[in-house]
């Protein structure tokens, strides 16, 4: 520097600019050049140094690529020459050396096209860009800075392994997770890193580059980390006061700069409900980075509240499982935001003919749940005696999908004697009829375009959808099959009624006489054809809105409002109860039982 000097400019000569020095200490020179042959110089120096151009000691970025330093020098030099002479350079010399040899003109053009900083620095430049240096000893003594034009960072996603990173400031976890292509299982690498979440996630990125020398895709929910990785190739670091951060940045620059295989880095938003592999992997990383909170075992009421937050079972189910009072169970359900939003009015179950034991009569139908995407077709089967439910998410509602569902239902609940469906094309197909004949199942269909004959399964549709919506906050990251299985567990094993505090699955498979059908007292039944009353008949079973009586022609299902108690006449007794009083007492007793359920 002590030997360098500046000269007065010659108004007849154009101005030129050259970049000199070694990375990271680049500088430039504004000069004029006289085209004098070497033999005619006779001691006259053809070089006139006008001004030296230097970079700022404190850079705005912690990581700067060599191309950005070159662009900054060109920008400052062009601004300065306009101040000095009111013109632009005739030629800008960028003597770049490559690791593989000399740079070509095509490589220089590719460099200018790919680098945005150089494009802005050379905006509106009409002069010449040269990769050669003028023949002068001052330029020969300067070593050209070496630049690698082979960029390992891909601009497009690769058909390779995808690695997700995340970190948490609370748990100080640095998480690295990926799906093994061989086993299709999620693998994870978790380490404890002190510092900010950005430092912890940067540590996860460094481990990713250390563990995966092969091509891979890197997905992070930190915009800072994604930007650092995209600028790490051949980057120049500025000194950082945080020693741990500086070590991580240095290691990242070294790993990326010496990397042979390509990689792709992508930033994604965290904590979203979007579908797809990227969102699923990011949620996996978020869950692994979340802190594990330890809490003492709560009391019975709090256990019931936590269980309801997870499964959203009904009031009788809470009473049965946790031995709460009805008021306590109602309070838990009433204060649940999911259950209050999905609450439905109490409806009567209807008078559909039912089975008198398990696997006697089933009802089967299909409903749609758009949140499941391609598997939005939910096939549902319900046992009309026990209320046990089986459902499966399929990709269609054709005969093949119905057969696939029924095979799974048979393996779960047994083989029914009778199956009732609607008149849909899948259920009236020859393929399904042949399938049911092979399994020995009698098939019946309801009245066309009338869903009342399928009242039980139609209401089960609403129950399944309501439970799925209630459990959405807990299971939003799970697959449709897992969400549906959790809903079926709640309906079959946790929910019950006050009429019988046993859940449907216990009633379905219970072998004890407790679950058998007992003969009830004799009743009189209204005949809708004649308008009169017939009987007495034995009452087989009855419930909310329906009753079954034993007639000479077999069991008969009728609405409960058509049933009256049979009061035999007692000639020997002096006092005969009034039929009106007996009917009122029977109605009062039945109303109390229904209200409790």
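For all residues, glycine too, the Cβ spot is worked out from N, Cα and C.
Residue ranges 473-520, 521-568 are listed, and TrEMBL annotates 521-568 among them as DNA-binding region.
With DSSP states grouped into helix (H, G, I), strand (E, B) and coil, the domain 'Integrase-type' (299-340) comes out at 33 helix, 0 strand, 9 coil.
Under 8 Å from some Cβ of the domain 'Integrase-type' (299-340) lie the Cβ atoms of residues 467, 469-474, 486, 489-490, 494-498, 501-503, 597, all in the same chain and six or more residues away from its ends.
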